[in-house]
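Input: a single structure, listed below in structure tokens.
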Amino acid sequence: MVKIVGSFSALFAAVLVFLTGNGLLNTLLSTRMAMEGYPMAVTGIVLSCYFAGLLAGSTVCYRPIQRIGHIRAFTIFAAGTTATTLLHGLWMTPVAWGVLRFFCGITTFGMYMVIESWLNECTESRYRGRIFSVYIALSYLGIGIGQQLLNVGDVGSNNLFIVAGVIFALCLVPVSATEGIHPQLPERKKIQLRRVFRTSPIGMLGSMAAGLTNSAFFSMMPAVCTSIGMSHSQLAWIMSATVFSGLTAQWIVGAVSDRFDRTFVLVVVAVAIAVVSGWMFVGQETTYRLLIGKMGLLGALVFAVYPVSVARAHDVFEGKETVAVSGCLLFAYSVGACASPLLASGLMTLLKSPFGLFAFWCLVNASLALVTLYLLKQEKVEVVAVEDQVSFVPMKRSSPVVMAMDPRNEPQGGIQSIRKTDANFPGPSAGAGQAR
């Protein structure tokens, strides 16, 4: 296992550095807007622009990668992300930040796509599960570390924008040092949203609910903590605790969902989120120790909704359709993520309380549970026996490319591994050829 992971050390380093910068920047922006006194609704609009950029990136990032190659494309995307990050410190207005977040979303998506297509292309089928798990773990680790970097500078100055920009620039080092790899992007397939929704409405609705919940956390939770008087250090630990508990709990919830009816597990998780978030809204806890404990519990639940929903959808589709189905589910997640900051901040404004964020989570997940139970009662969904369920795989929102790495996917010959320096441990090789 060590040799397998070691063969991808350069790309894994890029993943860790990239997500560290991304984790820092997202939290920094929400915190800074709260410090500047912008209304929650304005904060929600600005931060939703990032997710709109991610959606736009899914349509515009393929062509430059195919035309100029992965290394050059990654250089462009990383440079664009670095530039937009640094420019946040020059123009501190909601309009400017909204525009910058949109373009940052596009370039960030491009960076995801390059790294993930690289990993996918260079991984043999028998190692995909392990490489995929390491990738997910490093992603969460990077996001969690990024929260702690909030403590290295003054949030009220431009220093942390510079730190985030430097981190994004450092992503270029491991990728540029990798030679001899000319990955191919997976073939783009038409998204059959209607068919996927008809076949697995629970998977689609669960994915959208996950997008609504998770995006609201990353976008609005820093503003909530700032509004209720938490220090930046306390804010950083609350965010990190939520992310790390979410990472750990995915494997626990996954093990449970492999042994019991997955639809039932999804309902239980959604109800638990609704209960805990409703409790937090009513209690309006402002004590640091209690808040971090409750957020750790909530994080263990909210980050499990998306992978359980994806697994539930794959239970009713053939393995050869994994990538296409996952793309539809990712689209549903992205739509929810794009709308989430707008809806969450709107409810917070309506309720005149930063704790309206928890009311938003309660409403979203209670609705998911009720709709799922209704569909089951009306026999609108296919019941899958436990022994026929596919294996659970921890997941996070990224680009459609990584779906080809999903170990549940059955290769159809469209994506082949390339240059391997070791038959047992394939990976990016140094000196195998001229970097493109």
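Yeah, the Cβs are placed from backbone N, Cα and C, and that goes for glycine too.
TrEMBL does not curate its annotations; it predicts them automatically.
The annotation transmembrane segment is assigned in TrEMBL to 39-62 (among others).
The transmembrane segment annotation in TrEMBL covers 74-93 (among others).
The transmembrane segment annotation in TrEMBL covers 99-119 (among others).
Marked as transmembrane segment by TrEMBL: 131-149 (among others).
The transmembrane segment annotation in TrEMBL covers 161-181 (among others).
Per TrEMBL, the feature domain 'Major facilitator superfamily (MFS) profile' maps to 199-436.
Residues or ranges marked as transmembrane segment in TrEMBL: 202-223 (among others).
Residues or ranges marked as transmembrane segment by TrEMBL: 235-256 (among others).
A Cβ distance under 8 Å defines the sequence-distant neighbours of the transmembrane segment (263-282), meaning residues of its chain 6+ beyond its ends; these are 202, 206, 209, 213, 253, 256-257, 294, 297-298, 301-302, 304-305, 308-309, 312, 355-356, 358-359, 361-363, 365-366, 368-369, 372-373, 376, 381, 383. Summarising the annotation, TrEMBL assigns transmembrane segment to 263-282 (among others).
The transmembrane segment annotation in TrEMBL covers 288-311 (among others). Long-range contacts of the transmembrane segment (288-311) within the same chain, counting only residues at least 6 positions beyond its ends with a Cβ under 8 Å from a Cβ of the stretch, are 202-207, 209-211, 213-214, 217, 221, 230, 234, 237-238, 241-250, 252-254, 257, 262, 265-266, 269-270, 272-273, 276-277, 279-280, 326, 329, 333, 361, 365, 368, 389-397.
As annotated by TrEMBL, transmembrane segment applies to 323-343 (among others).
The feature transmembrane segment is assigned by TrEMBL to 355-376 (among others).
According to TrEMBL, the region 'Disordered' annotation covers 408-436.
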Can we call the transmembrane segment (355-376) and the transmembrane segment (161-181) in contact, meaning three or more C-beta pairs below 8 angstroms at a sequence separation of 6+?
no
Check the transmembrane segment (99-119) against the transmembrane segment (39-62) for contact, please; criterion is three or more CB pairs under 8 Å, pairs 6 or more apart in sequence.
yes
The transmembrane segment (39-62) versus listed stretches 74-93, 161-181, 202-223, 235-256, 323-343: most Cβ pairs under 8 Å:
323-343
Beyond the flanks of the transmembrane segment (74-93) by 6 or more, those residues with Cβ under 8 Å of it:
21, 25, 29, 36, 61, 64, 68, 100-101, 103-104, 106-108, 110-111, 114-115, 158, 161-162, 164-165, 168-169, 171-172, 175-176
Of the listed stretches 161-181, 202-223, 235-256, which one has the most C-beta pairs under 8 A with the transmembrane segment (323-343)?
202-223
